[in-house]
C-alpha cells in the first residue's frame, strides 16, 4: 500500500484534477463549484446527452470520458463518494434539452438514489430522462448479492462508449440509445484482483487494510472494500487468470453464470489497470488473459487494455468480458475524442495485422578464418567446465549483487548478470556434446550474452567478448593461459575505445582490468582472479565517475562495493576454479 502522496488535501486534489481536463481537452467546460465537466460543443436540441459520474478516485472515469463520441457530461463526488443531486442537476442543466438525457451509473446505493432523483427532477422540467444501471461484477455471486444486485465495475466504461457512439448520431432517439446501453449492460461480466488496498490521501492508515506480502484479494470492488476471497500465497499469474476466467465464463456455476458466452457472436475483452500496475506488468497480464481466453474457444474480437476504471492507485487489475453483436462492435470501434479513453483493437489470432517472429532473420555463420578451415583453440570439455562454474557462481551471487545495486544503483544489476549467466549456462550445457573447439564457440557465446544481457553492463560484456573472439581468430593452436592473457589485453583495448571507464571510476572495469593485467603478466588465472576480487573490493568507499551510481547518495559508496565489479569477481573466480 502506497501511503505517501504529493497532494494530501483531498478536496484540493479532486477539484484540481478536474481542472486539468480543461488543459488536455479544449472542448470541455468545468463547473468548478459543482465538480462537473461538460462538453462545450454539444447541441441539446439535436443530440441526446449522455451523463455519468460517481466518486472521484476512479480516473480516468468518469470526467476524462467526456468528449465527442462518449460522455456529454460527468459529475464527480469526493473520493469514493457519490455526487449530490444538485451536482447531477447541474450536469443535466448544462447539456440536456428536448432530445433528452441518459444517465449511466454503476450499481451503488448512493449513485442510484442521487441519479434517479436527479432524473425525476429533470422529467418534471420537461426534459426526457432515463437511467441505466450497470452491474457487471460476478465475484459476489447471485446468492450473496441478493436484492442489491451486482456491483458496477470497469465494464461500465463499455456502456459509456456504446451509448456515446450511438448518441453522436443526430438521428438517434433516447429510446434507441437506452436500448443499446442496456444491451451492453445485460451482457457484461467483470472480476477484479488486487495485491493490496489503497490509502486515501490525508486519511489515517487503516492497519486492517494492509495485506501481507504473500496475500492477494480476489473479487474486490473499486471503493477499497475487501475482496470476496483472500488468496495466500499469491497464485501464479496463469493460475490466477484461470480462476478469474472460470468465474466469468463457467455456465455450470449457478451462482455466477450471468452470461452464456457459448452463443456469443463476438467476444470483447477489457483488461483494466486498477491504478497501480506498470504498463509493463499490465502488458504481460494482457498476453496471459488473451492466451487463456483463446484456448477456451473464446477468441476475443476486440481488446481494450489500459487504465479505464481505477481504485486510486490500486495494485491490481480486472477482467471484463462482453458478449457483443456486430452492431455493438461498430459502436465500440467508432471514433471518440475523450482524452481518457484508450481505443480498442482487433486481436484475433489469425488477424493479418498481428505478426510475431522470433528474430529478423538468420545470421550468416561467422568465419574469422578467411575461408580456411578453422583451427582448434579450446578444449571443449575444459571450456564447458570452467564456463559452467563461472555461471553458477554468478547466479548464486545474484541476491548479494542485487542488494548492493539497490544501495548504489537501480537494483537490476544482479538480475541482469543472472539472466545472462543462465543463458550462457543453457548454451554450454545444451550443446556440450557438440561444442566446437574453434573460435565459433566464442562468437556464439558472445552473441548469447549480447542477446540476453541488457543495459550498459550488457554492452560492456558484449564488446569485450566479441573483441576477444576477434583477437583469438588468428590463433592456430589451443590457447594456454598466456595466449588468453594476450587476447584479453587486446579485447580490453577495444573496450577502452568504446568507454571512458578506467580503473578508479567505480565500475566493473575495476575488477576486469586487474584480472586481465595479471593474466597477461603470466601469473596464471588463479592469481588473476585474486587480483580481480581485490579490485572489486577496492571499489567500496570509491566515488563513482560513471553510470547511474553517479546520481545516488554518496553515502552508499562507503557501505558497499560496486555491484558490477563484484559480478566480474564472481565470474573470474569461477573461471579459475576458486
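Every residue, even glycine, has its Cβ placed from backbone N, Cα and C.
Residues or ranges marked as domain 'DhaK' in TrEMBL: 9-341. Residues or ranges marked as substrate binding site by TrEMBL: 55, 56, 57, 58, 106, 111. According to TrEMBL, the feature active site, tele-hemiaminal-histidine intermediate maps to 223. Among the features that TrEMBL reports, domain 'DhaL' is placed at 381-577.
A straight line from the CA of residue 111 (substrate binding site) to the CA of the residue listed as 'active site, tele-hemiaminal-histidine intermediate' spans 13 Å. Ranked by how many other Cβ atoms sit within 10 Å of their Cβ, the recorded positions 58, 106, 223 place 223 at the bottom. In sequence order, 79, 80, 200, 223, 310, 311, 312 make up the list of same-chain residues 6 or more apart from residue 57 (substrate binding site) whose Cβ falls under 8 Å from its Cβ. As a whole number, the greatest separation of Cα atoms within the substrate-binding residue list 55, 56, 57, 58, 106, 111 is 15 Å. Sequence-distant contacts of residue 55 (substrate binding site), defined as residues of its own chain at least six apart whose C-beta falls under 8 angstroms from its C-beta, comprise 76, 77, 78, 79, 80, 81, 82, 83, 223.
Taking the mean position of the Cβ atoms of 55, 56, 57, 58, 106, 111 as the substrate site, the remaining residues of that chain whose Cβ falls within 8 Å of it are 53, 54, 61, 62, 76, 77, 80, 81, 82, 222, 223. Just so you know, the Cβ of residue 56 (substrate binding site) picks up 24 other Cβ atoms within 10 Å once every protein chain is counted.
All protein chains shown were included, and the count of other CB atoms within 10 Å of the CB of residue 111 (substrate binding site) stands at 24.
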